[in-house]
Each structure stands twice: as structure tokens, then as C-alpha cells.
Amino acid sequence: MEQTKYRMELVLLLGLISMLSFIPASIAAEEGQEHDNLTTYIVHVKKLEIEGPLQSTEELHTWHHSFLPETSNKDRMVFSYRNVASGFAVRLTPEEANALQEKEEVMSIRPERTLSLHTTHTPSFLGLRQGQGLWNDSNLGKGVIIGVIDTGIYPFHLSFNDEGMPPPPAKWKGHCEFTGGSVCNNKLIGARNLVKSAIQEPPYEDFFHGTHTAAEAAGRFVEGASVFGNARGTAAGMAPDAHLAIYKVCSSKVKDECPESAILAAMDIAIEDGVDVLSLSLGLGSLPFFEDPIAIGAFAATQKGIFVSCSAANSGPHYSSLSNEAPWILTVGASTIDRKISASAKLGNGAEYEGETLFQPKDFSSQLLPLVYAAAEKNNSSALCAPGSLRNINVKGKVVVCDLGGGIPFIAKGQEVLDAGGSAMILANIENFGFTTLANAHVLPAVHVSYAASLAIKAYINSTYTPTATVLFQGTIIGDSLAPSVAAFSSRGPSQQSPGILKPDIIGPGVNILAAWAVSVDNKIPAFDIISGTSMSCPHLSGIAALLKSAHPDWSPAAIKSAIMTTANTLNLRGLPILDQRLQPADIFATGAGHVNPVRANDPGLVYDIQPEDYVPYLCGLGYSDREVTIIVQRSVRCFNVKSIAQAELNYPSFSILLGSDSQFYTRTLTNVGPANSTYTVKIDVPLAMGISVSPSQITFTQVNQKVAYFVDFIPQIKENRGNHTFAQGAITWVSDKHVVRTPISVIFK
């Protein structure tokens, strides 16, 4: 009964989503008119100086309530944080917030912000095969708990069945907030809703995002998965036998859809519950780490040995457009896979331009139809096929060219064409999107084509009085040799907050990804859909991290990150450098270390390890104040007493050098996780306009877990050698008879 009721609610919500209208619930409805000016604030306070930890949650709440105005009531407290921060979220008036700021114990107080979501075949594409390699060594992730912080989940999907799965590990402390005892199981072991609203509800999906990301990370094997008959095969996440814990932090039913206070609360509870991996496909943009809730929460998680994977954001191809930049986070960009859901635009002059679409109706005629680009007849709004823009334009029975952009969802553009009587749509890329095309479940026959194709199609329209076109459908095609390539939307580095740390760290599958969906888009059950974004690449890496954690339970979060980065692929299936959306070699700020190779990451040979305490000198070196560092690390820090280090001195599995006229000298320490007796020789790919000296040029290990340091001198050359280049890239690679350990280098010229 509960499942049927939820399906009905989701169908109604899907209709609302298609109209792009949400009706938010009022968080403060029950508090009365006198509290209309209350705002949620995030408050960081000094740790209570007592011997040992607080004895109970009640003691913590009592202490936090002591900061509140005497006239306020307990309903003002939104969350008390125990693990991720020394502080709480509370609803105050601006005057009360100003008064609280004056208290000596208060280190920081500011209004909370709203975070944004970063919205079958991939296991095979990544080399994961049943009974072999990493899937075999890790038992498909068995015993590892992945915490997914997202929009909730549709728990009844077959991707979350628990057939043959053991109970969760004894360390698991979480619980399930779904009503009915059979909703959670040995696969979906916990689910919480952290979004505070007038009516508290179970953590059901209402954004059509969290179900997909959870299934990508750890969905079970489901045969016969497809959407509109395309991408048919067996669906599976990266770690099919890992346990899932779901933390809902976003809801369409509240004003601030992904509130910061809920995200901190989810990370706080996940740490307490005992997760091994945290996956967050959301972000706030670039913020100082002491103001970034994910950076603060992730540091606390890292201290507990929890691996944190986050999406890089979808603001590419612009430089310095990243979210989630902290070095203790794995920052994941998006790449294509070798599967295309292919279609083409055929013009009256005989030319055909390849593209993609998910909706491929078999009854659509290949007969040529009149072709129109509405911008030539009206204005920019009609060129974008904005809602209502085609109302007074004759598009009935025609193929309509719609430009990408304008903040208008792809599906909404097609809906406008359909409502105006159009027969088909050609979705035309703008320059920034280049050759990146997406397969969407359009509402009418459509094809998404590249920027080069869009220019050619518009030139054809202008060349004749009677332009015609149609859309041809080719279905699923596997074997695109240009994969992986970097998606146009994938956010790029360098990091704004810490340019001395290379970001993103890695790229992974994030374009046209099939996974579980809450409501069927093609009237088939179980439901699947194909969507794109760094939101999709993040859970791929979260699942891969879970596999590595299962195969190597003694590895630290930093060691797992190092294994992923130093074994990454830098070539596509054709054996050429990975390309970007222009079909040009992608630079290091697009790819980071490269494209994830989970099979090689399982046996990296060497790793760069970092302990949580090592980040303190780095944070002081960023110029943060004692108070700001204390907010992040949750203990009193005086940078005067800490030997600060430059950003590039952190023992990171990459180098990011800000190079002026002086040489720079850095040390790295490698830990042997390969054969006890092994020798590595250095190979240097020297970046443009500089020299590199590495000493020693050969390193030998005689024990497992032995550590050996090496030293690197970065030597600038004359500025004229740089030409117009503002940065350069290269690599230091350690090679043995069994392993290749690549450390990428970015150089930003000052």
C-alpha cells in the first residue's frame, strides 16, 4: 500500500517537474507571524573544555541551547552537531544573531546557504567483470557501507534488493525512517530525512536524483535494464554488494531545497552511524574551506577514516569553476563512455549530422519536413525555444532548430515545440558545449547535435527558400573510440581556494549514464533513466573507493585517493590523449590526473599517504587565522606554533606549482604497497618553459609499507619560452617491471 501511494505521489510530482513549478512548504508555518523574520544560522563555537567527551547527546544539546536568547524556545534549534563541527544550526532574528556574535565562545556565525545538485555499461567500460580482477578481490564491495547524501531514495527498486546479502557489519549504528519494517533490508540498511519542514516525512525521493546516484554507486545486478529499448543490458553499480545508507538533504517541499544545515547534519550522523565512504553529488561553488560545510564535514569524516567523494560541479568549460576543492576530498569531473544513443539530423541537401537522443519512436517517418530556425523569424527567446516563445510562430508540422542555453531544460524546449505544433526538434549546441551531446528522454522526436553541426544546419537554412529536414534514429551504438572525453559541462580547475593543489583530482563516467529511476519514463518496471552530470561521475568513484576499501581495508582515505590518481588513464580508446568538448587534447585542469582505471587502482605499487594531522600546517600555510583553522579541525590551533607549509609541500599525488622567477624545491614520500622487493626508475615529462630535477632517479624498496622520499627541483626558464601560455603540464612517473606510478604536474606561470 505504501509503495502504491508513493508511486501515485511521484507521478503527480513528475507532472509538476515538467511544468517547472514547485510549491515550497513553509518551515516556519507553526511558529506564528511574529517569527516571520527568523533565518537559519550556522554557528561555530569553541569546544567545551571538559575532561573526556560529552557524556550524552542531551548534554551537548543543553550546552548549545545555552547560547540561545533567553526569550527563544527549543524549537529554534535546528541541529546540534557532534562530529562534523563544534556548533549548531539555529533560527534567529538578525538582531539576535548580532548579539550572539559578541559572545567570546562564538567563533563564527552566518546565515546558512543553499547547495546545488550537480546533475549498465559503465562497469564493462571500466574493466569491471564478474569473477575477475577488482570485483573478485573486493567481493563486489561486500562489508563496506556507502553513505549517499542526496535527495532521498525510491527504496522499492530492484537495484536495492538484498538477495544473498549478509547483514551490515556490527559497527553499523544507523536506523531506517521509512514506515513499515520491510522497506530497509541488508542492502538498504539505513535511511534518514534531515530536511526540517512543517511535516516531517520519510526519506522518499522527490527530486529524481538520489535514487540514480545510489544505484550508480552500489546498485545490484538487474537484468534487462533499458530506457525506451535503448542501452539494454544488465544494470549494476560499481560496488553491487556494498551496503547503502541514505541521507536525504534536499527536498522540493521546502524553500531552500538543499539547506546547508541539513548537509552538515547528514555528515554528522553518517560519521556516527559508521559509514566507510561518503558520496555527495552537490556543492556550493568555491568557498574558503572554513566556510564550506562539505569541506568541514569531510575533514571530520577523514579523521575517522571515511573516504569522501564529491562532484566537481557542472559549470564547465570555464576555468576555476570548481566546487569541493579541499585536498581531503576526491573531486570528480565528468567524462563520456563509449556508448552512444545515436540519431542524426538529415537535411534536404543530403547532409547528415550525428547526434544523440533517448526517445526514438519507431513510427516517426523519415520523410523530409519543413525546417525552421525560429530566431530568423522572431527573437532570441524563440531561438532558445523558451516557454511561450513559439506561440505566434508557424512551426506546425515542421522540424524546429532550438539553441541550447538560456537556463531552459532540454526537455522544456521540446515541450514548447510540441505545444506549438512542431513535429520534431534539432537541439543545437552553443560554442561552449562543442561536441558534447546528451541522450535525453525528449517529449517528441529530437536529436541533440554538436556546435559544428548546428552551424552547418543554420547555414543550410539560410541557403535556400525551402529548407527541409528529418530525424533518423540508429539506437544504441557501442565502441566510440574517442571515449573517454571530457564533458563540456564538467567544471575545470585551477582551484580558486588552493591553486597549489591540482583539481579536479580525477574524471569518471558522467555522460548518458543509465541507472535506477523512481518513476518509469517509458511505462516499464523496474524504471531506469539516463541522465548526465558530475553528479553521476561522483558516485562512480564512491563505488570504486568502496571496492578498494574492501580489497585493502588497511588503506587510509589518502592512500585510496592516491591509488585512483596515480593509475589513471591519460589516453582514450584510440590510444590518443583524452580530448575535450572541442575534440582537442584536454588540459590538466579538465582531466586532473586522468580517467579512473579501477583495475589498475587495485594494484598501484606505490601510494602517497597523508594523515589528517598533516593538513594543519597546510591550512596555516593558506594564511588562515587560528580561528579559521580551528573551525575546520575542531581543536584549538595556533599557527604561530605550527610549522606552516606551502600548498605544494603537502604529500599529494600530484603537483600544482605557482612558478615565478625562482626555483622551487619539494619533497614527496612514497609508501610501498606492492611487492616487498621492488625498484622504480623515474621518467620525467617536463612541462613547457621549465626544467625539473628529481633525486634520486631510482628508488628501491625491501619491505611492504616501507616509505622512501624523493626530492624535486622545479627550475623556471626565460619567460620568452612560455609564449602566450599561462600554464603548462607534465608528469613524474616511477616505473618498475610491474607498476607505473604517474604523478601529474600543473604549472601556473606567475
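Cβ from N, Cα, C; glycine included.
If you look up Swiss-Prot, you'll see Asp150, His209, Ser535 marked as active site, charge relay system, on the strength of sequence analysis. Summarising the annotation, Swiss-Prot assigns domain 'Inhibitor I9' to 40-118. Here Swiss-Prot flags 125-602 as domain 'Peptidase S8', drawing on sequence analysis. Residues or ranges marked as domain 'PA' in Swiss-Prot: 370-456. Residues annotated as N-linked glycosylation site in Swiss-Prot: Asn37, Asn136, Asn380, Asn462, Asn677, Asn724. What Swiss-Prot lists as signal peptide is 1-28.
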Asn136 (N-linked glycosylation site): tally of other CB atoms within 10 A of its CB: 14
Nearest of the recorded positions (Asn37, His209, Asn380, Asn677) to Ser535 (active site, charge relay system) - Cα to Cα: His209
Rounded Cα-Cα span from Asn462 (N-linked glycosylation site) to Asn37 (N-linked glycosylation site), Å: 56
Integer Å distance between the CA atoms belonging to Asn380 (N-linked glycosylation site) and Asp150 (active site, charge relay system): 36
Closest of Asn136, His209, Asn462, Asn724 to Asn677 (N-linked glycosylation site), Cα positions, recorded positions only: Asn136
Between Asn462 (N-linked glycosylation site) and Asn724 (N-linked glycosylation site): CA-CA distance (Å): 37
Candidate with the highest Cβ count within 10 Å, taken from the recorded positions Ser535, Asn724: Ser535
Secondary structure at Asn380 (N-linked glycosylation site), reduced by DSSP to three states: helix
Residue distribution over DSSP helix, strand and coil in the domain 'PA' (370-456): 26 helix, 18 strand, 43 coil
Composition by DSSP (helix, strand, coil) of residues within the domain 'Inhibitor I9' (40-118): 20 helix, 26 strand, 33 coil
